[in-house]
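Notes to accompany the following structure.
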Amino acid sequence: MSPLECSECFGDQLLHKTYTWHLTLHSRPNFTRKRDTRSESLEIPVNVILPQRGTEPFLRLHNLYSTPRCSRQAALPRMSRRVASQHSYPLNRFSSMPFDPMERPTSQADLELDYNPPRVQLSDEMFVFQDGRWVNESCRLQPPYFSPPSSFHHKLHHRRLAKEYQLQEENKSLRDENRALRDENKALRKENKILQVFWEEHKVTLGHEESQTSSLLHKDTTSQEVVKRDNTTLPAQRSKESTLQLIREENRALQQLLEQRQAYWAQAEENAASTEEGKSTSSPKEESHNSGLLPDQSTNHSSPFEDPKVPPTTQEDSKTLRALREMVNNLSGASGEEDGKVGPNLPDSAQPLQLLREMNQALQALQEENRLLQEENRALHILREEHRVFQEENKALWENNKLKLQQRLVIDTVTEVTARMEMLIEELYAFMPAKNNKDPKKPSRV
């Protein structure tokens, strides 16, 4: 049973399209001998089978006709050794291979047809067309060796159908799994969207709570910071106020001391002048009589600072001195405390002297600073004068440059005008007629 009539594999009677072409091989004449100019031809049918179900096309060369098709073919003699063609490469290279390497072509002997393979004699050898290629007749294989059994084609096709069926089943199962996975993916996306909405709502509520707690914490922290600042600024403000108050009291005390000293020194000078006048007028007798009273007077007038007429001034001086020393001790550190300890041990007569010395030192320092400031002020005045002088010089130079530029412009315009006038005069004299062949005198330049 041939594959063209197989109903078990394909289910139809006509499942292949068969196309047949006839190849005609013409042999050239052999010109080695002058008399032999004959040419012979050989006709070979080519059968091409195109299957319709899943198989691939392949080419077969067969001699489908046991008898010659026409009288001309029957009349053709066999190719002899003498007229054989020298060129055998078309026959040696011409082969028939199936397009599918898994399928072996079915020979015409397997199809149980009458089969006479074509033969060609080239040179001394005979070639037979067997299984799609030209084979030497001496090396020709027997049909049981090279031809597959008749059931090979059916088994191969059944295997292919089984593989295709398995692949289709696998594709169906994979499609079902893909659909199930898509459905699960859709459900998970919906759940994800719902969870995102819930999370945003929860986030908003958490943000409100955090803002409330943060506002409360911020208020608490601000109140604590304000309290801390107050606590830190209060002693600083108190210390500043105390120092300012001490400085004010010190200034007032210094002013009072200066006023008292001025009045005291003026009164002392008057007393000294009156005593000198009294001494000059008094006689030596009176001095001898009053010698007993001199020690008392000397004791009473031992220091110029002890004036019996002005007892409250000394008390005020001592009070102010003590206040000043206390302020100095408060402002200065341990050195001031040591001075305060030593100060009260001094006698009352030395306290105003020490105060005057300190005031004198302060005044000298202030005078030195004032002198330095005056020198700086003088230097600044000198610099201002120099700057003013430089400005005046720059202004004068700028005016001078401006005048020079104007002068240059005027000179350039005058030269240009004179040049044009000369050109015009020359043109006028050129147009004027000559008189007695005398050259006209050119006018002088303006």
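Every residue gets a Cβ built from N, Cα and C, even glycine.
Range annotated as coiled coil by Swiss-Prot, chosen from 4-32, 120-148, 236-264: 236-264. Which of 50-86, 161-197 counts as coiled coil depends on Swiss-Prot, and there it is 161-197. The separation of Ser223 (phosphoserine) from Ser274 (phosphoserine), Cα to Cα, is 75 Å. Here Ser123 (phosphoserine) is positioned 110 angstrom away from Ser211 (phosphoserine), judged by their C-alpha atoms. The distance from the Cα of Ser123 (phosphoserine) to the Cα of Ser223 (phosphoserine) comes to 124 Å. Around Ser274 (phosphoserine), taking its Cβ as the centre, 10 other Cβ atoms fall within 10 Å, counting all chains.
Ser211 (phosphoserine): 10 other CB atoms within 10 A of its CB, across all protein chains.
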